[in-house]
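Asks: Among the features that TrEMBL reports, active site, proton acceptor is placed at H132. If you look up TrEMBL, you'll see D90, G140, Y295 marked as substrate binding site. Taken from TrEMBL, the feature divalent metal cation binding site covers D167, H169, D256. What TrEMBL records for 26-310 is domain 'Histone deacetylase'.
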Amino acid sequence: MDHSVCYVSDPQLIKECCKIPNISKRAYLVDSLIKAYHLSDHMDVFKVNPSSYEDLIGFHSSAYIDFLQKLSDNNSSILDTEDEYGIGYDCPAVKDIWQFITYISGASLTAAKALTTMQYRFSINWCGGWHHALRDSAQGFCYVNDIVLAIDLLRKTFGKVLYIDIDVHHGNGVEDAYMATDKVFTLSFHQYEPGFYPTSGSLDDIGIDKGKYYTVNVPFKEGINDDKYITMFQKISNMVNSSYNPKCIVLQCGADSLVGDPIGGFNLTPKTLAECVKNVMKWEKPTLFLGGGGYNEANVARCWTYLTAIITGQDDSLSNDIPDNEYFSAYGPDFTLDINPGNRKDFNSLNNLNYIFTVIARNMKIVKELVRKQEQ
């Protein structure tokens, strides 16, 4: 059977992923539900090729990577410098941190490499998507920026890459990495309010120098619902895709944008993430799908399983009843795949959303013109 989808699944990776604060079982739930629905029968399953030191310093500073290596060898005795490298508060020193970072980043590199063979149109790593990590520090549960490492690998084969981020939080680490280049376009949809982490990603942040206009931020207020989000995503992402004309797409599918997430403040169901995925698939470009945030673990598993069914073309035959699996009890009390929208107040006025769209449309006219000149 011809499988055009690569799925990264590895027992060691799942174990490593569960060291991340607040998601101690999530990777098990996700992988187990995908397999309970037999979706792995429709994909080629890849084990992880862990990253090397050289891979990691392709983006991160050698000082930071050396620090993590030392931390792994000596355990926590060198933690006087922890403030310098962000290890501590929201990124505690996890056990065997070297194995942890080489597996987390190696998984996304493994998925990206599968696309570069041209044998797969789509590649999935739900254990990836750690978009807050900076060149020389950990931040927001993100220790290494697997996304930047994967994008850099994809660029070597495909050229221009469009990165789209639908996590509830701004994709600040990826934006920072590419804010001054036109070779990678970053597009982030996120909650943006005073005090909401990481507090960056305003509509005015559009990139700098050669990268000016090649960054788009779509800042939403609390409580956005499926219909408004889907409309904005389709209009903006289609406009970005046609203006920039990327050769490869990376979509970070953080599920902390779902209703009922303990950290995020949106009112979305998996329908929204599903429509985002379908919209990107329509472009028929090599696409890497990554995970990200999501702290209601059962809802994340529901969502990413549904997205996996869409990517493999199996969504029509997906039963709404959760099949028996090792973590079945986590899906109570209703044991269904669906998630109902909540009754959270929506603070996004149509006027404000139209204003956001108008500003971005104006900037995309400029990008279209810049790209036309480059491609002449």
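From the backbone N, Cα and C atoms, a Cβ is placed for every residue, glycine too.
Quick one: how deep are these features, and who are their neighbours?
Replies: In sequence order, Q139, G140, F141, C142, H169, G171, N172, G173, P198 constitute the residues six or more apart from H132 (active site, proton acceptor) in its chain with CB-CB distances below 8 Å.
The Cβ neighbour count for G140 (substrate binding site), using a 10 Å radius over every protein chain in view, is 19.
Around the Cβ of D256 (divalent metal cation binding site), the same chain contributes D167, V168, H169, I263, G264, G292, G293, G294, Y295, each under 8 angstroms and 6 or more positions distant in sequence.
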Asks: Neighbour count first, Cβ atoms within 10 Å, every protein chain included; then name which of D90, D167 tops the list of binding-site residues.
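Replies: In terms of Cβ crowding, the pick is D167.
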Asks: Starting from the divalent metal cation site formed by D167, H169, D256, give every other residue of that chain whose CB sits within 8 Å of the mean position of their CB atoms, in sequence order.
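Replies: Output for this site, in sequence order: V168, H190, Q191, G254, S257, I263, G264, G292, G293, G294.
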Asks: Ten-angstrom check, please: count other Cβ atoms within 10 Å of the Cβ of Y295 (substrate binding site), all chains counted.
Replies: 20
Asks: Using the Cβ center of D90, G140, Y295 as the substrate site position, which other residues in that chain lie within 8 Å, going by their Cβ?
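Replies: Apart from D90, G140, Y295, the close residues are P21, N22, H132, F141, Y197, I263, G293.
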